[in-house]
Amino acid sequence: MSTSIIVTGAGGRMGSTICRMAQEDPVLTLAAVVERPERLASLDVWKCPSGSDPDAVFATVPGGVVVDFTSPEASMANARAAARAGVSHVIGTTGLTAEQKAELADLARTARIFWAPNMSIGVNVLLKILPQLVQQLGEQYDLEMVELHHNRKKDSPSGTALRLAECLAEARGWNLPDVANYHREGIIGERPKDEIGIQTIRGGDVVGVHTIYAMGPGERIEITHQAHSRENFAQGALRAAKWLPQQQPGTLYSMLDML
């Protein structure tokens, strides 16, 4: 049975990748696309209905799944529209505030919503194994992270970096906002033990690199995840689009639920 998907932000880099891969997938149908009015003409290549009003477009695809890599504000508007239309909603947008995440969780009580700041299978497997690593190493190991992305990325640190850092903090029994350090400069004194440094690099066309450091007496462990193309994230999002309609509303689903 084919799953009908609606791609929002279809004129963007992620959106166009998702459209192409959806059309190549035998069990998916690209049913509609959504974009800003000034970009609609560029969507003719997909040969499917298009529009700029999420409410109007979503209503034309009953039982469909919205796949959304846009902006925090657009994704929240899309989430409300998807809930009104009764369609499922897969969100890969990063940079959501705590308030926006709370609203998604509230909407998910009666709607099917899936949100992951990183749709990569590898990153989400990493989220599963990091707690065991951190707990077995013990608190004598300092935890740091460096993330690298292209020069057009708007949020910093990346949503993936923050989720990985949350995972590290939770494994230590810490609250990330209390221990995260995003900036070091000048005479800052010795490094506190209860700290996680998160550093950001931006440049070129780098899709995404995240390196976690665990540094202890006489040794250092480095774990790096490197995304080579956006197809990695698109594949995870389309896998979620096939999975989500089979689930019941009531919780904000994530990659860890699907895996």
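Placed from the backbone N, Cα and C atoms, the Cβ positions cover glycine too.
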Check your understanding: To which of E24, E35, E73, E139 does Swiss-Prot also attribute binding of NAD(+) at the site defined by G9, A10, G11, G12, R13, M14, G92, T93, T94, A116, P117, N118, M119?
Key -> E35
Check your understanding: Roughly how many Å separate the Cα of K153 (active site, proton donor) from that of T93 (NAD(+) binding site), to the nearest whole number?
Key -> 12
**Study point:** Cα-nearest neighbour of R36 (NADP(+) binding site) within the listed recorded positions, G9, A116, H149, G159
**Key:** G9
Exercise for review: State the three-class DSSP label for H149 (active site, proton donor/acceptor), counting H, G and I as helix, E and B as strand, and everything else as coil.
Suggested key: strand
**Study point:** Cβ-based neighbourhood (8 Å from the centroid) of the (S)-2,3,4,5-tetrahydrodipicolinate site, residues H150, G159, T160 excluded
**Key:** T94, P117, N118, E147, H149, K153, D155, S158, A161, G208
Point to revise | Densest Cβ neighbourhood among G9, G11, G159 (binding-site residues), 10 Å radius | key: G9
**Study point:** CB within-chain contacts under 8 A for R13 (NAD(+) binding site), separation at least 6
**Key:** R230
